[in-house]
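Undergrad: Copied straight from TrEMBL:
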- 1-27: signal peptide (SIGNAL)
- 41-344: domain 'Plant heme peroxidase family profile' (DOMAIN)
- C51-C133: disulfide bond (DISULFID)
- R78: site 'Transition state stabilizer' (SITE)
- H82: active site, proton acceptor (ACT_SITE)
- D83, V86, G88, D90, S92, E106: Ca(2+) 1 binding site (BINDING)
- C84-C89: disulfide bond (DISULFID)
- C139-C340: disulfide bond (DISULFID)
- P181: substrate binding site (BINDING)
- H211: heme b binding site (BINDING)
- T212, D263, D271: Ca(2+) 2 binding site (BINDING)
- C218-C250: disulfide bond (DISULFID)
Amino acid sequence: MARRQWSSCGGVAVAAVLGLLSVLCAGHPVPGGHGGGGGFPLQPHFYDHTCPQMQAIVGAIVAKAHAEDPRMAASLLRMHFHDCFVQGCDASVLLDADGSGRFVTEKRSNPNKDSLRGFEVIDEIKAAVEHACPHVVSCADIVAVAARDSVVLTGGPGWEVPLGRRDSLTASLSGSNNLIPAPNDSLPTIIGKFANQGLDVVDLVALSGGHTIGDSRCVSFRQRLYGQNNNGQVDRTLNPAYAAELRGRCPRSGGDQNLFALDPASQFRFDNQYYHNILAMNGLLSSDEILLTQGRETMELVHRFAANQGLFFEQFAKSMVKMGNISPLTGHAGEIRNNCRRVNH
């Protein structure tokens, strides 16, 4: 019985011991995967017998990383998102350039370059897991569990993570550039990119709530402060007082990498404040605010999640499981990498 508790909620147990957790893991239904190679369904107890301590190891290292750097939780959550939207949840985002020319690393894509981080935390987890259970646990599963633990550590919901993913043999720079929703995409474009992954509008609005933690760079929202054509016109859907505050550290040119909290009211706490910000026209990114201004269904969901944090938490957990099931490699497809940064051969 103890083994099953570690298996389904190991990261939570470790973090609770460390006193860094406020919400316990809750089980949620596991929907079927969206396509994928291998044909074997993911399931939460995949490592019960082959590596029962896996989730405890992940949880301990994620908790340590979070204690050292409060931004890391959002970074690990974002990593899982950027992994799953390109070739499915297969750890392709972790691969460095291999020198053979077979593929170009996704780390150099527009969404990831100079912004995606946390790779060293995954490296540390992988080394510890390999020491405990050599050649058993995939990098893709480590990323999925680390994302869940990051949400719980910041006060968000827990969920059982379906497991059994394997790691890709390649990466896709073009996929990373074209498939990941961008801050300046229109709402129909973003809805389409989610639909391509088997995710619906409810998933879109719920998963956008991950912006309750983390930061964004000046370059990602500058056009809202100075106009699409740099004509000095502030986006009419952005609170003028907030825009003036942002202009103070996000100039018309330069300062591209300056960081701003996506949710300055509770930057390191996972809650539903993100939706309240949108209702007050304080959504930082265009892709945040258009959930209120460009679609009736998304607008209604913003209001519902703002009014009911429990409803948001429940849907976020369900949507994370659904996203984690995008096109996984299972069975004999792919491989179990020895080093998350490179393929085995």
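Each Cβ is built from the backbone N, Cα and C atoms, and glycine gets one as well.
Source: prediction; values computed, not measured.
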Undergrad: Which are the residues of the chain, D83, V86, G88, D90, S92, E106 excluded, whose CB is within 8 A of where the CB atoms of the Ca(2+) 1 site average out, their centroid?
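TA: What remains near the Cβ centre is H82, C84, F85, Q87, C89, A91, V93, S168, A171, S172, G175, S176.
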Undergrad: Going by Cα-Cα distance, pick out whichever of the recorded positions C133, H211, C218, C250 is nearest to G88 (Ca(2+) 1 binding site).
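TA: Nearest candidate: H211.
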Undergrad: Can you tell me how far the Cα of D90 (Ca(2+) 1 binding site) sits from the Cα of C84 (disulfide bond), in Å?
TA: 7
Undergrad: Across all chains shown, how many C-beta atoms besides its own are within 10 angstroms of the C-beta of R78 (site 'Transition state stabilizer')?
TA: 23
Undergrad: Inside 8 A of the center formed by the CB atoms of T212, D263, D271, which other residues of the chain have their CB, for the recorded Ca(2+) 2 site?
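TA: The answer, listed by sequence position, is G209, H211, I213, L262, A265, S266, Q267, R269, F270, N272, Q273, Y274.
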Undergrad: Nearest to D263 (Ca(2+) 2 binding site) by Cα, among C84, C89, C340 (disulfide-bonded residues)?
TA: C84
Undergrad: Pick from D90, E106, D263: which of these binding-site residues has the biggest number of other Cβ atoms within 10 Å of its Cβ?
TA: D90
Undergrad: Looking only at C-alpha atoms, tell me how far C218 (disulfide bond) is from D271 (Ca(2+) 2 binding site), rounded to the nearest Å.
TA: 24
Undergrad: Just to be sure I understand: of V86, S92, P181, which binding-site residues have a C-alpha no more than 10 angstroms from the C-alpha of C340 (disulfide bond)?
TA: S92
